[in-house]
Structures are given as structure tokens and as C-alpha cells.
Amino acid sequence: MSSVSSSAPVSEIGRVAVDLGPRSYDILVGGGLIARAGGLIAPRLKDRRALIVTDATVARFYLDELARSLEAAGIRQESIVLPPGEATKDFRHLEDLANRLLQARIERGSMILALGGGVIGDLTGFAASIVLRGIDFIQIPTTLLAQVDSSVGGKTGINTAQGKNLVGSFYQPRLVLADIDALDTLPRRELLAGYAEVVKYGLINDPAFFTWLETHGADLVDGDGAARRHAVMTSCAAKAAVVAADEREADQRALLNLGHTFGHALEAECGYTGELLHGEAVAIGMVMAFELSAMLGLGPSEDAARVARHLASVGLPTSPAAIGRGFDASRLVHHMRQDKKVKDGRLTFVLARGIGRAFLSRDVEMGQVEALLERSLAA
Ligand SMILES: NC(=O)c1ccc[n+]([C@@H]2O[C@H](COP(=O)([O-])OP(=O)(O)OC[C@H]3O[C@@H](n4cnc5c(N)ncnc54)[C@H](O)[C@@H]3O)[C@@H](O)[C@H]2O)c1
Ligand SMILES: O=C(O)C(=O)C[C@@H](O)[C@H](O)[C@H](O)COP(=O)(O)O
Ligand SMILES: [Zn+2]
């Protein structure tokens with residue numbers, strides 16, 4: 001196994017450790033991991049039973065392969081298949097999933113496997129944290145977004161009528177298996193959405209990675225396995241370091257929210273219908289965070305332009321105007337006030353002094369944010 005390196009062959013299993021004391025776990029990254037999952041999971045099982053939770057699209061591609069691998073390793077498996085899409089991350093599907101796990105007579109010693117994107121990972125992780133007051137679970141992320149972000153760090157949850165991810169828990173997986181080959185079947189739009197979260201790590205604190213992405217991002221998007229492996233490893237290592245330092249977002253973990261305060265507001269307005277994907281919203285939100293920083297005189301406007309240029313070069317949207325529907329700035333501000341980073345009624349913003357120099361600020365006036373939104377919506 002290797003640690004972060006860009007030259008390792010795709011089939012070699014890379015390992016990133018998430019160091020959280022008794023809740024520590026490994027992220028394994030490489031090709032062919034779903035076919036090898038049984039052997040990798042078996043040592044982590046308390047009993048020889050696994051319940052796979054997935055969505056109908058992912059099931060079509062990968063459920064049989066995973067089931068065969070588990071059975072070959074002597075692990076009994078059953079599966080629960082949910083509808084694909086962001087709308088599944090809600091109270092109704094949480095209730096349905098909890099009931100189906102209980103009907104399957106799940107026990108505390110069983111293992112739940114979340115096979116899919118961030119929707120399946122967030123929903124399944126939340127269910128795992130509450131059914132029988134906690135059952136071990138493993139993330140098997142199949143989207144780029146889930147491999148670089150949602151499968152790592154233990155944020156689980158669902159959306160509510162009030163906004164994104166407003167009900168959930170911190171509940172760490174026991175293992176993450178990121179099979180790079182699974183990205184070959186991912187639609188380009190979904191891949192790009194995940195790419196936005198990859199870019200995020202460069203923008204937060206790794207300018208050299210951002211520069212690497214400016215050179216290699218297009219190859220990654222077009223299917224270069226080595227570039228994908230390197231980006232997933234680098235992203236996971238970056239996230240693991242932040243999470244190890246601040247697991248429950250007391251402070252610096254909020255940097256991982258770069259672009260999300262704007263992004264979540266846009267997603268809430270679009271209603272989780274697939275009109276705007278999470279990663280697309282984050283791409284727009286990151287540009288707005290850089291523009292806000294420039295507007296406040298805290299960061300260079302050239303960097304805001306450079307971020308927008310790179311995201312646009314791979315085909316990501318960079319402004320709310322690109323969504324192709326009207327927004328009301330005051331309604332977006334209303335959603336932003338529901339953000340989990342609000343403290344004593346004031347929002348914490350992730351701003352940037354430049355690329356790779358993100359920081360947290362509680363000094364932003366919402367009037368300034370509304371003015372920026374008005375400007376972007378008119379553009
Ligand atoms: N917990 C966290 O830290 C965290 C971090 C980032 C995002 N998220 C959440 O993740 C969610 C978005 O996740 P996502 O972008 O993975 O979306 P998703 O889970 O909806 O998956 C995207 C689509 O791709 C399909 N799909 C998945 N894998 C596939 C594959 N290999 N081949 C073909 N199709 C495949 C799915 O069926 C789905 O239709 C959002 O709800 C977001 O809030 C959570
Ligand atoms: O892991 C984190 O911390 C993040 O903020 C990662 C984000 O990409 C992710 O979208 C997360 O779900 C947002 O968290 P939230 O607490 O704002 O819902
Ligand atoms: Zn995100």
C-alpha cells in the first residue's frame with residue numbers, strides 16, 4: 001500500500017489514515033476495490049453479516065459485484081435499494097430505511113455497507129447512527145464527490161423543509177473503500193459536480209494542488225486514472241487532516257464549508273430536484289466567496305477571476321445566473337441565515353485572502369452579501 005503519491009499505478013491500493021483515536025479508520029483508494037471488498041471488509045466484521053444500502057442506479061452497475069465478493073469471503077449479505085437522487089435524503093426515506101433495516105432483523109453486530117454517492121452515504125450513515133442506537137458502517141463511495149468528500153469525516157444527515165443537512169449526526173465509518181474504477185460509469189455532469197469539491201481543497205490551503213489541477217484537471221475529468229487516483233488521495237488526505245484536528249466543527253473544520261453557505265441557499269431554492277447538483281452549487285458558491293472577499297478588500301479580485309476561469313474551463317457553472325432561472329436575493333439571504341455556522345445570530349463566512357488562503361470571518365454584514373447577490377443575479 002502507498003500513501004499520497006501521483007505516480008502509483010491505479011490498481012495499487014493507497015491508504016489514508018483518519019486519526020481519531022478509538023474512532024480511527026482507513027480510507028483505501030484504488031482500482032478494483034469493489035471486487036476485492038469481501039477480503040478487505042472481513043477483518044472488520046463482528047459477525048459474518050452485512051446489509052448493503054444502495055440506490056437503483058448504482059445497484060445496476062455494482063451490487064452483484066459487491067455481493068459476489070462478500071459471499072466469496074464467507075459474509076452473508078442482503079441489500080436495500082432506494083431511489084437515486086437528492087430527494088431521497090429526507091425524513092420519509094430515513095423512516096423507510098430504518099424500518100427496512102429492522103425488518104431485516106439487523107443486530108448490533110451486523111455491518112451496514114453504504115454503496116453509492118453522497119446521498120446514500122449521508123442517509124445510510126445517519127440511519128446507522130440511530131438504528132439500535134448505533135450499528136457499524138462502511139462507506140463504499142461510487143461518485144467522485146463521495147470519494148473525495150462525503151464518505152470521509154462522519155457528517156451524516158438529511159435535508160429538511162428548512163434547508164440542507166439540518167438533521168443529522170457525527171458518526172464515523174469503520175472503513176472507506178474508494179474504487180476509482182467506479183468513476184468510469186459516472187455521468188460527466190456528476191463527475192464535474194464532484195470535481196468542484198476537489199478544487200475546494202486547493203482553494204482552502206493547498207495552492208500547489210490548485211495549480212496541479214489547472215494543468216491536470218481536464219485529464220482527470222476525461223478519464224485519466226492516475227490523475228483521478230492522485231486527486232482522490234490528495235483530497236482525502238486534506239480532509240482527514242482537518243477532521244482529525246476538529247472532528248465536530250468547533251472551529252477550523254468549517255473551512256471545508258468554503259462555498260457552501262451560498263451553495264446550500266441555492267440548492268434549497270431549487271428544491272433538491274436535480275436542477276442544481278450539490279457540487280454545482282458549491283462551484284458557484286466558491287466563486288462568490290472569492291468575490292465577496294475581493295469586494296470586502298480582503299483578497300485579490302484576480303484570484304476570484306482565476307477560480308472562476310478554472311471551474312468554467314471544465315464546464316462547471318460559476319454564477320447563479322448560469323442556473324437559468326431567477327432567484328430573489330433576499331430569499332437566498334433568508335436561507336443563509338439557517339446555516340449551521342450561525343452563532344448568536346451572526347453567520348460565519350469562509351473567505352479567502354487568495355488561492356489556498358481561506359479563513360473564517362464573523363465580520364461580514366448581510367447587507368454586503370445581499371449586494372453581491374444582487375450584482376451576480378443581474379450579470
Ligand atoms: N457528509 C459530507 O461530508 C458531505 C460532503 C459533500 C457532499 N455531501 C452530500 O452528498 C450529496 C451529493 O452526493 P453525490 O454528488 O455523490 O450525489 P448522489 O449520491 O445523488 O449520486 C449522484 C448520481 O450518480 C449516480 N451514481 C452514483 N455512483 C455512480 C456510478 N459509479 N456510476 C453511475 N452512476 C452513479 C447516483 O445514482 C445518482 O443518481 C449531497 O446531498 C451533499 O449534501 C455530504
Ligand atoms: O465535512 C465537512 O465538514 C464539510 O463541510 C464538507 C462539505 O463538502 C459537505 O457538503 C457537508 O455536508 C456540508 O456540511 P454542513 O454541515 O454545512 O451541512
Ligand atoms: Zn459539499
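Note that Cβ sites are derived from N, Cα and C of the backbone, with glycine treated the same way.
Here TrEMBL flags 80-191 as domain '3-dehydroquinate synthase N-terminal'. Positions annotated as NAD(+) binding site by TrEMBL: G118, V119, I120, G121, D122, T142, T143, K155, K164. The domain '3-dehydroquinate synthase C-terminal' annotation in TrEMBL covers 194-342. What TrEMBL records for E197, H260, H278 is Zn(2+) binding site.
Feature map: TrEMBL annotations on the structure.
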| residue | record | Cβ contacts under 8 Å, 6 or more apart |
| --- | --- | --- |
| G118 | NAD(+) binding site | P141, T143, L145, A146, D149, S150, S151, H278 |
| I120 | NAD(+) binding site | V53, T54, D55, V58, L82, T88, A114 |
| D122 | NAD(+) binding site | K89, S150, K155, T156, G157, I158, N165, G168 |
| K164 | NAD(+) binding site | H264, E267, A268 |
| E197 | Zn(2+) binding site | L144, L145, V148, D149, S235, G279, V282 |
| H260 | Zn(2+) binding site | V282, G285, V350 |
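H278 (Zn(2+) binding site) has a Cβ environment of 27 other Cβ atoms inside 10 Å. In the three-state DSSP reading, T143 (NAD(+) binding site) counts as coil. Under 6 Å, Cβ to nearest atom of ligand 2: this is the test, and of the binding-site residues G118, I120, D122, T143, H260 it is passed by H260.
In the predicted model, the domain '3-dehydroquinate synthase C-terminal' (194-342) has a mean pLDDT of 97. Farthest C-alpha pair in the NAD(+)-binding residues G118, V119, I120, G121, D122, T142, T143, K155, K164: 21 Å apart.
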